[in-house]
Structures are given as C-alpha cells and as structure tokens.
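Some notes on the structure that comes next.
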C-alpha cells in the first residue's frame, strides 16, 4: 500500500508492545490500585456497567508523590502500564467504529481535493479546522466573497484580481479566460450567482491564474477577443494592514483600471515601446438611429482616443441598404458602439457580421447637454439627435476617465467634406486598400506599398489620406510639389536630421492625449518634452537654412512647394514661442527616468529652476528643522547612555540601538520597538513626538508636490491646441516623406491632371501592389475619355489578368489623387469624385444574403450614387444566378449606361458572356486579355498560354478547363468535361438555328417585316463568330 504523507498525520502514534513488556500479577494489582485511587479523585461520573476511564497519569502520580507513597522505579513502571491499559481499553471501546470514522473522514478530504476546495500546493488545508472555526458548508472564503462583491458591480467586465504575485480570474471569468489563453482551469463554482447545477458541489469559485509579469501580454490577447477587462489591485500594503490591526482579513481591493480594445493604448501603464499599439486605429461610437418607413437616418459621433480625432456625421440611407453605414465602419474601425435605444435587428446584424469585432453597449443618459458642454461645437447646435450621440460617448468614456477629449473643439471634424472623396466599403475591400483579401494582413495592400512613415501619428494620417483621396486639383498639385521638392532636398543635413529624429521619436500625438486625459507617467512626460525640445533645437540650429530656403520669398523650398514652406514656417514660429526648454529644465532627469512609481513627486522637480518652487522649498525647510531637532535629541540620548559616538539606526524611524547586555541602563519610559539576540531598538518619548511631526511634514510635502505636478501637467495641457497643430504639421511632413519614398521607385512618374472631365490616359501602367510583391507584371495602356471610349468590355480566359487590370486602373487613380507618383510611363487623369466596385463573389450567411443578392444590392448603390465623374469597376455582374438571367442583367445594365450618353461614367466591365461583345456603340469598346492556344499530347481541349496584354476585340472562350488543369484535376475528368461541353454547345447552336429558321418560314408566309427582322437577328446571334450590330 502506497504511503500518503498528507494523510498519515491522522494516525495517532503508538508502538507495538513486546512480549518482554507483559505485566506480572503484582504489576496488575498495583495498576488496579492506581485506577481505584484515580477514580476517587475523578469528578466525572461513568456508567455502572463499565470501569471509569483513567485520568492522565501525572495527576494520580502527583498525589502519590506528594504523600511520599511512591518511588521513581514504581512510578515509571506504573506509568507505562497505565498508558498501555488506556490504549487497549479505548481501542476495544471504539473498535471498528473508529476505523469507519477515519475512512469517512479520508473520503471527505479526497472529495474536497477533487472539487478544488483544497489546492495541491496548500497541503496545510488538508487538516480540518477546529469545530469553533469551521466555516459553514456554503460560505465562501473571504477572497471569493470579495471577488463576488466586486463582480456584482462590474458584470460587464472580466476581472483580473491581483493576489500576491499573480492575477486570478474567478467563476465565469475564469472559464472564458482559460479558453482564450489556453491555461488550466481549477474546478469550482462556475457562476457568481451560483446558478450552475454543479455549483453546490464546490465551496470556492473556479479560477485560473497568470503571473503579474505577463499581464500586459495576456491583456492584449484578451483585447483581441474584444473583452472588457477590469484590473483589480490591492489598495493597501502588508505594512499598512499590520498597522491597521486587520491583518487577519484579506487585503482591500478595488478596480483601478479598465481596458477595452479602443481604450487600451491610451490607458495602458506598461510603457509599451511597440510602434503598432493595440487599438491604435480603433474608435468608440455614439450612435442614434431614427427609422422611417422608407429610410433610416443615422447620427454618429466617433472618437479615436489615440489620435484625439472626433468625427461626427448625419446621414440617411434607404431601408434595407447599409452601404453607407458599412463605409463608416471601414473608415473609423469601431470596436465599441454605444447606444441608448435599440437599433433594430437589421442594423445590429451589420455590426455583428462585420469584419471588425464590435461590441454594442446600451447606457442611460445622465445630465443635460447644455450642462456638460457649455461651449458646444457649431455643428451640434439645434441637432438634438447628434447631441444625444455625443452625450452617449461622453457617458461611456466617463467610465474610463477619458471624456476630457470631447471638450477640445479643434478635435471635431465632419466625416464628409467637399475637398475629398469617400471610398465605399466595397471598394476598400475589393481593391485591398488596407489589407489583403487572403490573410487580412497589411502585406499586399495599397497601404503596405505606400507606408514609409517614421511615426505612428504619421501612419494614422497616411491611412486617412489613402481612404479619402483629394478631389481638389490645387491641393493635389500642392502635395505633388511637396513630394518632388522633398525628393530633391532629401540629402540636405536639416532634412536628414529631421527625418532621423522622427524615426527615433515617440508617438507625440498619443502622449499628448494621454497627458490631456491624466493617464500619462512622469517618465512619459519627460520624454515628450525632451523630444519637442530636440525638435526646437534642430530648427534653431538650422535657422540660417530656414531663413534662406523657407522664409525668404525667393527661397528654394518656398518656390518649389508652398505646402512644405508653410509647414516649416509654422513649426519655426511655434518653437520660438512655446517655452518647451524651460519646462524641460524644471524636471529632475534622474527622477523622471526612474521606473519606480513610488518615488516622491517632489524629487521630480529641479527646484533650482522650477518657477513655482517656493512652497516646496519652504516645506522642505520645515522638514530639515525637525531633523535638526532630532539631532539635538540625539545629543541628549548620548548623555543619558554615556555613549558620545552613538547614532540613530537609520533616519527613517530614528531608533536607538543598544546591546542586550546594556538594556538595564535604558530609562523606563523608552519603548522597545524591535530586538534580536544581540541588540534591542528603542524609541524615546522625544524621538516619538519628533518622528510623528516629521512624518506629518513629509505627508504635507508629498501632497503639495502632487498638487504641483498636476498643475505642471495642466500647464502643458493648456498648450494642447498649439501642440496638436504642431504635431499635425509633423504628421503631414511624415506623409509627404512616405509618398516621396514611394515615388522614387523605378519607372514611377508624376501624374498630370486636366480640368476636362472623364479622362484616363495611361501608357504602360502597372499594378503597384503586384509589382511590389516581386512579381513580373506586364504593363498595359488605358485610354478612356469623353471623346473616345467611355465603356470597356473586357473578356478573356480565366486567370488571364482581367481583374488585376481593372484594379490597376483604380489604384493608379487613387495614388494620383492622394498626391503620389504612379507606376507608368505616362499618366494623365481627370478628377474623379467617386470610385465604385462590384468585384468578386461572396455571400453572407449570417445576414441571409446570397451571392446574387449582394451583387444586386451593390449595383443598386452604384446606380443611385454614381455621376459622370465617377469610375466604375464591374467584374462579372450576374455571375451569381443562371446564365440567361445573368446575360439579361448585364445586357440591361450596359444599355442603361449607354443611353446616358455624356452623363455616362467611365466603366470597366469584365464578363465571360461572349454575346455581350456583340454590342456596338460609339462610347463602347471591346477588349480582351491576349493568349496563345496550343495543343498538348493526351489533352482533347486546347491549352492556353497567358500573355497578360490588353488587346482590342473580344475573346470567344473562357478556357475554364485550362484553369482546372492548373488546379491539378485529373486529365481524364477534364477530357470528359470537354466532350460534354462541346456536345452542349452544339446542341444549343442547333436549337437556336432551327428555331430561327422556323420563325423565318412563318414570317415569309405572313409577310411580317417585324417578325422577319427578329428571326434574322436571332439566327445571327447564334453564330459565335458573327457580329451583332445594335442600332442605338
């Protein structure tokens, strides 16, 4: 039988008697005499049918020894015999009942272990508590009860509770976290309300733990699952608890920080150094919907805490259409949407089925708009629903103490503007603007091609530029001038130094907002001011270059780029006005860089240069005066103890240390505080009063220093508007620098713009994304304009490059209108106000949308929103339904656009319906991606070699079997498919010809000209290599 050390303590120690220890008759008689005498002295009564249980031997022996009637040898022998007798009598009395009781007790302990009530590393809990301290069966431990109390106040959050050097998650939080983090879950109660059927089997909550050093990593993993996590910290130390006299209870705890994906980056306290901060682009929405029978009106306020940007919008959309709402989701990337009333099932589906993981939060409004926002933004005046949306965001951010951002009016801006276009969500998705459609990473996207930014705030601004291309030709030319100028000046020492400083710098925009929220650390404030000071120093050290090339009317930069000249001029003036170096000089560098958060605030300031140091210095002088009194008290102590070299043990508690051999010379009114084997430490009545007085002044100094630090932060926040403007200038410069780096690629050319509408003339244009992936790309021309072709019907084999070609055209337009060079030999564009796409086939099962329904919904949006200055990319419209219906829809759409004449937008139309190529119109042209057919042994179908070159004319085959071959489908299967395809094609041609001949016969018999014309047209359409002339 295996030994169980944790259970063996329940066995009472006893030894087996040897035969040599058997009692003699004389010893039995002596023992019985002792029992009789013990029974007389025992006050307890026993039943008459059993002998009295012997009292402890030392009592009886003590009586005999006092009477002088016992000798040592007899006492020892009698004691041993008495113990043996008691053991045997008790064993006989208990018998098997004792064994059964022990077995039951052991079973209960093992059940507690299996139920999680006894932890494997807490073996002392195996011992059952005395009856006086044993808890009630269903009573929670103090820690579990504390968690329950906190959880009931924060049911919408996952609570991470600090317990020593770990963080614990309990109950339903533990179940969720253990699944996300893939860590062990210790069994226990699974719900805080104890509603789970198995909860009654356990006395403690289920839990899982993580080390405190890994909290940041695990928090980010939880944030990726869009969980709201509250961090519960201990609000008292063991020393404070000991002094408070409550050391037996649990530490007091409270929720000290709350994290969500949108608020993590602005509220985190880990000092992350990553360039890409979690939730950097995520936002919080306040949304109000007003539903009408025919449309829904939306009132939106979107807040990005990291950038400080507050976007507001008021728009309406027809019922059952959500393109405009989805577009705003793509732009602002909300992770949390705050609403007051219900949105309706259709609108909620949009959030639940979007690519972003969005959480809906319903809150009740508290207070009035006029009471909270005394100076409202002009756009909110009179718009009550929009005010309500702002109030919803304010109420939600108040929980995180981030609402101060909403009081800076310069952060507000409308979603729509007359200076830029808004790319629809379908275009952002199908053109791979921010992420590729394969693995959703940034590689393989337009952002990946253009992103050479050096700062986080520059990257955020670049995303905004890409998503909202300019539609003002003067602003586009200004950006192109700046890109060209910076490309020629990149070797200048001032430009190079500025570029390096931005690359190695902090996220100034994020830190500025953290300062405004009061969430920053002392170290972060110092680094923020230091970088701004370095920028100011850079501009002042190159003042001659700036005066000559920027400020002068004939300066090289001012002559080449008014945008760059304005940026450098504003920054130069700002650095001269704002006293950043003075602020930095007020900080003690050693204390600022110290990572110890408990370091006194007074040490953060350099009091010799701090302009408000008088109260702090005065309080320090009070402390020095008390320390002087303590030194005088030390002189008196030396005299009393006759030890002239005596000093205090330390200058914290000011204790007097004396050897234990000399304690007798200590006055009686001294208080012993601590002692060791060698020494004892005392506090005199005088030092006790002075130490209390010293502590009082130190606390006053700490409070005063904290007030001065908060005042110092407010002085920086008071410059928020000017600082934000300067940082925006730096982000604009960073974006220009990024576009300049892209424009320096080989064979990139500056695009030209003309005021004439509807023009795309590109020679040897290339797809920038595919080319950047080190794939050899065949250049192609584009020629669309008002005088020539406005519609291109593009046919050709599958995988021939049709979709890549039309995407290339859209990407070139976007790059040109954000002010970047394009990959082409020559490029000329007009200004486009919208880019619409209908590319790809996909469904949405969660919203009950089939592939064809999505196609038609997108086409409705395009037909209603497009103008003559729009660019349309239509890829295989009608593919989601039957062939005949698909052809009919495509034909009807083309005829609709052709009939618009001059109001027709520029269209690139991909199709596999060869009959559509028979349509002729002055504004329509047929093109195909060229290829070469070749015959291979063992293959009945023609193989295709792709040339990826656009040519005029239409293709008569899609060569789908060739794609099947590329996918490694067996040759026999493809041969059979080719045979069936040929038979079906011949059958369709035969049926069409017979029907047409019959129609002609009847028409000739009836002399009907209309019927004859219809029959002839049907016959001609049945021939693949004939052309159908449509009289438009």
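Along the chain as shown, the residues are counted starting at 1.
Cβ coordinates come from backbone N, Cα and C, glycine included.
Annotation source Swiss-Prot lists region 'Disordered' at 1-59. Among the features that Swiss-Prot reports, compositional bias 'Basic and acidic residues' is placed at 18-29. According to Swiss-Prot, the region 'Mispair-binding domain' annotation covers 136-262, on the basis of similarity to another entry. The feature ATP binding site is assigned by Swiss-Prot to 796, 797, 798, 799, 800, 801, 802, 803.
Residues of the region 'Mispair-binding domain' (136-262) grouped by DSSP class, helix first, strand second and coil last, total 46 helix, 32 strand, 49 coil.
Taking the region 'Mispair-binding domain' (136-262) as a whole, pLDDT averages 85 in the prediction. For residue 798 (ATP binding site), the Cβ neighbour count at a 10 Å cut-off comes to 16, with all displayed protein chains included. If you take the C-beta of residue 803 (ATP binding site) and look for same-chain residues 6 or more apart in sequence within under 8 angstroms, you find 839, 875, 910. Taking the mean position of the Cβ atoms of 796, 797, 798, 799, 800, 801, 802, 803 as the ATP site, the remaining same-chain residues with a Cβ inside 8 Å of that point are 929, 946. Residue density at residue 801 (ATP binding site): 24 other Cβ atoms are found within 10 A of its Cβ, drawing on all protein chains shown. Ranking the binding-site residues 796, 797, 800 by how many other Cβ atoms lie within 10 angstroms of each Cβ puts 797 at the bottom. Local packing around the Cβ, expressed as the count of other Cβ atoms within 10 angstroms, is greatest for 802 among the binding-site residues 799, 802.
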